[in-house]
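**Student:** Sharing the record's features from TrEMBL:
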- B:CYS637, B:CYS643, B:CYS677, B:CYS681: [4Fe-4S] cluster binding site (BINDING)
- B:CYS681: siroheme binding site (BINDING)
- B:7-285: domain 'FAD/NAD(P)-binding' (DOMAIN)
- B:318-383: domain 'NADH-rubredoxin oxidoreductase C-terminal' (DOMAIN)
- B:420-464: domain 'BFD-like [2Fe-2S]-binding' (DOMAIN)
- B:556-617: domain 'Nitrite/Sulfite reductase ferredoxin-like' (DOMAIN)
- B:628-753: domain 'Nitrite/sulphite reductase 4Fe-4S' (DOMAIN)
Amino acid sequence: MTTENTWQTICPTSDLIKNSGVCAILANQEQVALFQVGDDTIYAVANFDPFGKANVLYRGLIGETKGDVYVASPLLKQRFVLNTGACLDDGTLAIKTYQTRITDGKLEIFG
Amino acid sequence: MSRQPQKIVVVGNGMVGHHFVDEMAKHAGYEITVLSAEDRLAYDRVHLSEYFSGKTADDLAMTTPAYYNEIGVKFFTNAKVTDIDKAAKIVTTETGDTFAYDKLVMATGSYPFVPPIPGKERDHCLVYRTIQDLEDIQASAKAGKVGVVVGGGLLGLEAANALKELGLQTHVVEFAPQLMGVQLDKDGGALLRSMIEGIGVQVHTQKATNEIVDGETCVHRMNFADGTHLETDVILFSAGIRPYDNLAREFDLAVGERGGIVVDNNCKTSDKNIYAIGECALWNNFIFGLVAPGYTMAKVTADNIIGGEQQFTGADMSTKLKLMGMDVGSIGDAHGRTQGCKSYVYSNQPDQIYKKIVVSANGKELIGAVLVGDTSEYDTLLQYALNGIELPENPDGLILPTSGEKPTLGVDALPNTATICSCLNVTKGDIIAAIDCGAVDVGEVKSSTKAGTGCGGCAALLKKVTDHELEKRGVEINTDLCEHFAYSRVELFHIVKAEQIKTFDVLIEKHGSGLGCEICKPAAASILASVWNDYILKADHVSLQDTNDVFLGNMQKDGTYSVVPRMPGGEVTPDKLIVIGEVAKEYKLYTKVTGGQRIDLFGARVDQLPAIWKRLIDAGMETGHAYGKSLRTVKSCVGSTWCRYGQQDSMAMAIFLEDRYKGLRSPHKIKFAVSGCTRECAEAQSKDIGIIATENGWNLYVSGNGGMKPRHGDLFATDLDDETLVKYIDRYLMFYVRTADRLTRTSVWLENLAGGLAYMEKIVKDDHLGINAELEKQMQNVVDTYQCEWKTTIESTEQLKRFRQFVNSDTVDGNIEFVTERDQIRPAQGDEKKYGVQIQAVDLTLA
Ligand SMILES: Cc1cc2nc3c(=O)[nH]c(=O)nc-3n(C[C@H](O)[C@H](O)[C@H](O)COP(=O)(O)OP(=O)(O)OC[C@H]3O[C@@H](n4cnc5c(N)ncnc54)[C@H](O)[C@@H]3O)c2cc1C
């Protein structure tokens, strides 16, 4: 079974935590890690850690190296660039990224 | 077809015999049997005297039955060999047991020489060689007031120090005109004498003892050849050593004129199947009374047995040591006996310093040195002597005090053959090889070459050589925390304090660049917590913390957390235990008792944590900080409250300390233990802070470690009262918190600290830096502002919002699945998982 992708309303933007992550679940049960960096940048990537094989990426620390903003997995510390999903520690892997937008103070994810 | 293993029998399990076993066991195909005449396995004789300053026989042990079992070595204690049948290749012990050998290794060491003085067999006339001897000395000292050491050599002075520490009025009686005649020249010996007399030990030179008879005021009276006499209760003979070569004599192996089993460069005796190593061996008509040459012989022998060609070619006898707190060093031809040599002398009576160097006739080479009162140039001088490095034009510059930088020898000048660590025989070349194989710091060089793991005297030189070689290869010795801060943790700590910085944003704005990362954020959080002790999940701090600190639990492999309530000292009431059981049952948590004497509950989902903790806190428990870089537990035994051996109330002390230091954020986790007596049931010596009760108070051990790199704690202070104990711990820990690098345990921190233990003693005990009041105040602030983080968290609706898996749903994470094993849960693995949606990562290699 496949479902058509649509914009899904997730939560008020006030539920996000600055410079830290929260997690949302989509209609198809996919988990998305949401990060607010600074006052107005929001990133959405898959919450599943492909190394640790657990839904934990939203609990990782946000870091930056040479301008790339990434999340470091709380399990084994692999780093994933938030706007591309690329893994900085293993060039053969990337995690899924999602589009986001804000409508009437609510965060929406395309997924 | 498999070959029969060759049988290797080792006679004697002293330091050298043990070293041989270690070397031999590296090779497969040999069956090693060790026969020890003593009632225990090998121990560290070099540090024997530390037995009197609190080390136990276990501390001195160099091996254990378990270790020998593990490496497949058979061993027998109380097994003195009394017969060797060279033809049949069989040895027999006193008890009549026989052992066949293919190769026999004699490592019987030596025994103290007792001059044939009438009366030498009287009670309380003892020697100084084995642990048994020390026990006897201790017993004799208890009953007496006065002690005499016969012999003013290196070992005699060490023995005199022991008598003095046992509280005896101490005398040294020496036949020769000076002390330490082997190592020191006349003037050096004279200075040493006046220093020793300065601390209350009386020295009598040129005294020959005629007889020992009943005393009038003491047990014995020693009558000297010159008509004088001395009364004493205890006599220790330390008049030189004699090799244990009796077996060789009896069973026809060649022995030297003045004793010693004759060996060749392969350490082989006159029988091709028998080797001799260590202090029983006579090489080139010389017996080496030091452990390092023995180790080299052990290595050579093992190599020969496997068919190698290593040779023993002699060893350097230079020594540097601390005698009764005084520095003494001797290199090569200390007496200047070489033909045509010249010497330079520097003597400073007010400061009690004497230095002499002996140079070759052409003035180009250093061939000897004597240092008394100050041995800081020893390393440099030794390198000149060992490597034949050409001396500067004015060699006296090497020992003269200068106002500026001392002319130390650049490590570049050392040849690759230069020995850096003489205990383990590691050369500069070995260090370079280790670096070529990838070692990137001193720690790694140490673990791959073993350099610096013997007496530790080469630590400074080892670091210099390593750093220099790394720099040559363009490796920057970079202490920057990460790309965002060009400071070390220590520097950041000072900045935070000095500028009263309270948030990460201000810190990075003023002193860093970029947004920060998973290295600098938690480090800054820890510093801010140590200095200000704010609630770690304040809005300003929450984004800095590792997940363990954010969710106040240890994240497990499946993303669930462990729950560990504090149980100070391992004490728990039945009621609390029942609540823990009920919680575990209700939330189906895996339950295990930990090594830190408390209970871990595993498998709590993030959304369950607040409810679980509410139950525990309502029952009077609090967070155990099992997740934090902070105090974990204070392990203890019941002490004098219940135990019939207990010396003090270790239980109450453990609880007091755990309550005092709980919540202290530090560079790494900290573990304590308090034992009620020297039986050490709480294993305090393997902890960062270890405390052992004595009859008079507490002995404090510091910087021990279990775990990956076990380290015995160093004895820091003895017989402390409660108040001083706490003060010392406050200061020690706060200094560690201030100065250690991130993720550095106290053990590694202390080992890398310039000045080491002695420096810490100066700071903590003598207030060397004048900061003790401040350290105590800072610690008191941490104690006073303590809060249970879980209590604060469950009382805040704002905080509780973070403990949801999903911002947009109350469902739980379907990917967390358990299976049952031994009646409890464990995470499902691989195919055991049935539900849960996993978003597979994109495999870029296929794209
Ligand atoms: C107080 C003290 C301080 C010292 N300080 C230093 C120092 O600072 N630096 C340094 O380099 N050296 C020092 N030494 C010397 C060092 O301890 C020795 O060089 C070293 O122990 C020699 O090792 P070994 O194995 O040859 O002999 P030992 O350690 O004496 O071991 C020999 C063992 O063989 C056993 N044995 C003997 N005969 C038999 C038999 N027939 N059957 C079975 N077993 C037998 C003995 O009981 C003994 O256990 C010190 C020694 C002492 C006593």
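Placement of Cβ uses the backbone N, Cα and C atoms for every residue, glycine included.
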**Student:** Calculate the per-residue pLDDT averaged over the domain 'NADH-rubredoxin oxidoreductase C-terminal' (B:318-383) and state the result as an integer.
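**Tutor:** Across the domain 'NADH-rubredoxin oxidoreductase C-terminal' (B:318-383), the average pLDDT comes out at 91.
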**Student:** If I restrict to non-local contacts, at least six residues apart, and a C-beta distance under 8 angstroms, what lies near B:CYS677 ([4Fe-4S] cluster binding site) in its own chain?
**Tutor:** B:GLY639, B:CYS643, B:TYR645, B:GLY646, B:GLN647, B:ILE692, B:ALA693
**Student:** When you measure from the Cβ of B:CYS637 ([4Fe-4S] cluster binding site), which residues in the chain that are at least 6 apart have a Cβ under 8 Å away?
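**Tutor:** Within the chain, B:CYS637 ([4Fe-4S] cluster binding site) has Cβ neighbours under 8 Å at B:CYS643, B:GLY646, B:SER650, B:MET651, B:VAL674, B:SER675, B:GLY676, B:CYS681, B:ALA682.
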**Student:** With Cβ-Cβ distances below 8 Å as the criterion, list the same-chain residues six or more beyond the ends of the domain 'BFD-like [2Fe-2S]-binding' (B:420-464) that contact it, or say none.
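**Tutor:** Same-chain residues near the domain 'BFD-like [2Fe-2S]-binding' (B:420-464) but 6 or more away: 46, 291-292, 295-296, 299, 316, 320, 379, 383, 411, 414, 470, 473, 475, 748, 752, 756.
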**Student:** Within the domain 'Nitrite/sulphite reductase 4Fe-4S' (B:628-753), count helix residues (DSSP H, G, I), strand residues (E, B) and coil residues, in that order.
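**Tutor:** Final tally across the stretch: 43 helix, 35 strand, 48 coil.
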**Student:** Measure the Cβ-based neighbour count of B:CYS681 ([4Fe-4S] cluster binding site), defined as the other Cβ atoms within 10 Å of its Cβ.
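**Tutor:** Its Cβ has 18 other Cβ atoms within 10 Å.
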**Student:** Take the domain 'Nitrite/Sulfite reductase ferredoxin-like' (B:556-617) and count its residues per DSSP category (helix H/G/I, strand E/B, coil), listing them in that order.
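**Tutor:** Helix (H, G, I), strand (E, B), coil: 28 helix, 14 strand, 20 coil.
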**Student:** Let's see if you can do this one: DSSP helix, strand and coil counts over the domain 'NADH-rubredoxin oxidoreductase C-terminal' (B:318-383), in that order.
**Tutor:** 6 helix, 33 strand, 27 coil
